[in-house]
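Visitor: Quick paste of what Swiss-Prot says about this protein:
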- 49-56, 183-189, 208-212, 277-280, ALA346: GTP binding site (BINDING)
- SER56, THR189: Mg(2+) binding site (BINDING)
- 41-374: domain 'G-alpha' (DOMAIN)
- ARG186: ADP-ribosylarginine (MOD_RES)
- 44-57: region 'G1 motif' (REGION)
- 181-189: region 'G2 motif' (REGION)
- 204-213: region 'G3 motif' (REGION)
- 273-280: region 'G4 motif' (REGION)
- 344-349: region 'G5 motif' (REGION)
Amino acid sequence: MARSLTWRCCPWCLTEDEKAAARVDQEINRILLEQKKQDRGELKLLLLGPGESGKSTFIKQMRIIHGAGYSEEERKGFRPLVYQNIFVSMRAMIEAMERLQIPFSRPESKHHASLVMSQDPYKVTTFEKRYAAAMQWLWRDAGIRACYERRREFHLLDSAVYYLSHLERITEEGYVPTAQDVLRSRMPTTGINEYCFSVQKTNLRIVDVGGQKSERKKWIHCFENVIALIYLASLSEYDQCLEENNQENRMKESLALFGTILELPWFKSTSVILFLNKTDILEEKIPTSHLATYFPSFQGPKQDAEAAKRFILDMYTRMYTGCVDGPEGSKKGARSRRLFSHYTCATDTQNIRKVFKDVRDSVLARYLDEINLL
């Protein structure tokens, strides 16, 4: 204590070593103060959800809306992935046709199917004309179209119909992927990916983690200092099974994961932003795939996308309420967090722009106000 007082009151009494130590101490304090300001100025959002719920697409949208987007050279870099997605999709349908015993409508289609199956989809970097012709022929085959209509019975990329409908453009020489092509490209997220951007002079860091079960053990160290949790769930997966486990309903798995995350101690007072994604795909499939077949408690009208959306939102809301309240309404603990829900289409830039503005104006503004950053 005496030496500390001497440092403040009698700096001329210090030895050279003590003066050097004092300078180091001051520098450390300056760095710590700067770090504290920086920590307050960068807000961390954790992006969670099951595989193929649209997390990576959401990150791409943040780059387009709040960042520099994708330059022509960067979009060119997605070309092999777009090609691979097309080969993976067509291969999945050809294999499913055999399992589902769906015949080709034209005898020539067998030759084109054999050609496509001879190519390893993950080694594709160019799109040769013979493969382009084979793909275009097959996509016009009534058997392939019938197989596509039964896509809930096998795993097929959501982007399949989009890419196959644009084959002529995509297989042209000198093809450069559009922003929409990039948004719809699919590569499973492994490990942890982060994207930083600024909104109204506030730095945001969105942390995206792998959605497959095998990746979830890597989440643990992302939970600290998160101001909000964004949970993406697919509205269209009510009639599908997990890619990792063909016996488990994907929506039930997503609901269970949502409940598990809500129970984690790190999130006791963290606001939860629920994005019920893929409204477009739900609207496409609901006329022929009835929600009540997979969720018998649904009493709403058939072929009604709005009724289906409300029912699915209610399931997630009840899961949230159940994690806040114990049996018969008894409180499990003091929870100051709130649930904010939005219907989204992650491939629709205008939709995501509006939804994220709503998030910014509610959750982020509330948090910034609390720490006096507004």
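From the backbone N, Cα and C atoms, a Cβ is placed for every residue, glycine too.
Give me the lay of the land around each of these features.
Guide: The secondary structure of THR189 (Mg(2+) binding site), as reduced to three states from DSSP, is coil rather than helix or strand. The Cβ of THR189 (Mg(2+) binding site) has 18 neighbouring Cβ atoms from other residues within 10 Å, across all protein chains displayed.
Computed over the domain 'G-alpha' (41-374), the whole-number mean pLDDT of the model equals 89.
Proximity of distant same-chain residues to the region 'G2 motif' (181-189), defined by a Cβ-Cβ separation under 8 Å and at least 6 residues beyond the stretch ends, is recorded for 51-52, 55-57, 60-61, 64, 70, 75, 78, 81-82, 85, 157-159, 162-163, 166, 170, 208-212, 215, 346-347, 349.
With a cut-off of 8 Å between Cβ atoms, the residues of this chain six or more beyond the region 'G5 motif' (344-349) that come close are 54, 57-58, 61, 64-65, 179-180, 183-184, 232, 275-280, 355.
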Visitor: Out of SER53, SER56, ASN277, which of the binding-site residues is least crowded by other Cβ atoms within 10 Å?
Guide: SER56
Visitor: Among MET187, ALA346, the binding-site residues in question, whose Cβ has the most other Cβ atoms within 10 Å in this structure?
Guide: ALA346
Visitor: Looking only at LEU183, VAL209, which of these binding-site residues has the biggest number of Cβ atoms within 10 Å around its Cβ?
Guide: LEU183
Visitor: Using Cα coordinates, what distance in whole Å links GLY49 (GTP binding site) and SER56 (Mg(2+) binding site)?
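Guide: If we compare the Cα positions of GLY49 (GTP binding site) and SER56 (Mg(2+) binding site), the gap is 11 Å.
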Visitor: How many Å separate the Cα atoms of THR189 (Mg(2+) binding site) and ALA346 (GTP binding site)?
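Guide: Approximately 16 Å lies between the Cα of THR189 (Mg(2+) binding site) and that of ALA346 (GTP binding site).
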Visitor: Hey, what's the Cβ neighbour count for GLY49 (GTP binding site) at 10 Å?
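Guide: A 10 Å sphere around the Cβ of GLY49 (GTP binding site) contains 24 other Cβ atoms.
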